[in-house]
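J.: Mind looking over this structure? Questions follow.
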Amino acid sequence: MKYTPLYLLLALVIGAIAFGVAEAANPRPVLLKMPIGFSTRLPALGSPIIKIKDDLERASGGSIKVKLYEPNKLVAPFEILDAVSSGKVNAGYSAALYWAGEMPASSLFSAFPFGPEAGEYMAWLYYGNGLKLYQKMYDNAGKNVHVLPCALITAETSGWFTKEIKSAEDIDGLKIRFAGLGGKVLQRLGASVTMLPGGEIFPALEKGALDATEFSTPAIDERLGFHRIARYNYFPGWHQQATILELLINKDQWNALTDQQRRLIEITCKASMMDSFAHGEAIQAAALRRNRDEHGVLIRYWSDDMLALFEGAWRQVVAEEAEKDAFFQEVWDDLSAFGVQYDLWESHAFLPRARFPEKQCP
C-alpha cells in the first residue's frame, strides 16, 4: 500500500492526540523536593505541610510525590526562596516576610501590623488583586518561582518578655526577636531588634542574648518553651492578626506540570488555608490555659495607650517604606483601598467584639 503525504500527516496528528490523551490520563510523576521553613511539630504552622503532602500524593494517584526536608536539613529557612528560584530544589514552604530584606513589600503578603484578620486577608488575595500582586512581586525581583498561599495561621501573641512592659520607656533598649514590619515599629521605639528562625530563639533567650521574643500563637510558642524563661505573655498580636504561609514552586517545574497537576496543587493549597486556620483556632484556648495554670505564665493585655503608641509608630514605618519602594506603595494602596470597602461591610455585618482582658477563661 502506498502512503500519501496527507495520509502520513493524518496518522501523525492522530498519534499525537492519542499520546496527549494518554499522558493527561496518566501524567508523568513528579517529585517535589521541598525544604520547609518551620518544623512539622509546630501545630498549624509547620504541620499543614504534612497534610498538603498527603493530599497531593493521594489525590494525584501518585503522579505528585513530595519529599519534605525539615529546617536546615537541606536548606536553611532564610535561603529557601533562592534555592527554589535557582533550581537547587523545585519547591519550598515558608513565609514571604522572610524575604523582607530583599523585597520590602513581602511582609504585606504574609503579615503586617494592624493588618487584616483572616477573612479580609483571604478576600483580598482571592477576590481582590492580592494573588496577582503577590506573583508580580517575585517576577519583578527576577525570582523564577510560582507562588501560592497555602496555609493561614490565626492571630499571634504579641510576645514573651522577661520583664513587665508598662510604658514606652520599657521598650527602649529592649533586646527582642521580632519578625517583619513589626520589628521596624519596635526599632522606631528604641528596641534592639534581631530576626532569628524559630529553632534559634530559645537558646538566645537562655543565654541572655534576648530579653524578649515573638514568634507565633500560644500553641506553637508552648512547643518552643519560651514560658520557661520569659513569663510575661502579651496580647493582642498587633503585629500579626493573621499570617499567610506560602508554597513556592520553581517556575520551570510549574510550567512542566500538566494542567490537572497544577489545578490539583491550587485546590489543595486553598483547602489548606481553611484547614490550617480552623486547626489553629481550635487549639489556642487549651494552650492559654496550660500556660496560665501549669506553666505560671503571666498573661497581660496591652493598654489602649500602648496600642496607640504601636499604631502611631507603624504609620510612620508605612510612610517610610512606601517612599523608598514603589512596589510597596502599589501594594499598600491596593490593600488600603480594599480595606476601606471591606470596612463598610464589616462595620454593618458583625457584632461588636467586647474586650475583657481581666476575665479569665475557666
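Glycine is treated like the rest: Cβ placed from N, Cα and C.
Note that the structure is a prediction, hence the values are computed from the model and not measured.
Sharing the features that TrEMBL gives for it:
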- Glu156, Arg177, Glu214, Gln240: substrate binding site (BINDING)
- Phe215: Na(+) binding site (BINDING)
J.: What is the separation, in Å, between the Cα atoms of Arg177 (substrate binding site) and the residue listed as 'Na(+) binding site'?
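T.: With distance taken Cα to Cα, the residue listed as 'Na(+) binding site' is 8 Å from Arg177 (substrate binding site).
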J.: If one looks at the chain holding Glu156 (substrate binding site), which residues at least 6 apart in sequence have a CB under 8 angstroms from its CB?
T.: Ala111, Glu214, Phe215, Ser216, Thr217, Gly237, His239, Gln240, Thr243
J.: Just how spread out is the substrate site if you go by the largest Cα to Cα distance in Å among Glu156, Arg177, Glu214, Gln240?
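T.: With Glu156, Arg177, Glu214, Gln240 as the binding residues for substrate, the largest Cα distance is 14 Å.
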J.: Relative to the mean position of the Cβ atoms of Glu156, Arg177, Glu214, Gln240, the recorded substrate site, which additional same-chain residues have Cβ within 8 Å?
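T.: Surrounding the site, in chain order, are Thr157, Ser158, Gly159, Phe178, Ala179, Gly182, Thr213, Phe215, Ser216, Gly237, His239.
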J.: For Gln240 (substrate binding site), what is the tally of other C-beta atoms lying within 10 angstroms of its C-beta?
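T.: Result for Gln240 (substrate binding site): 28 other Cβ atoms within 10 Å.
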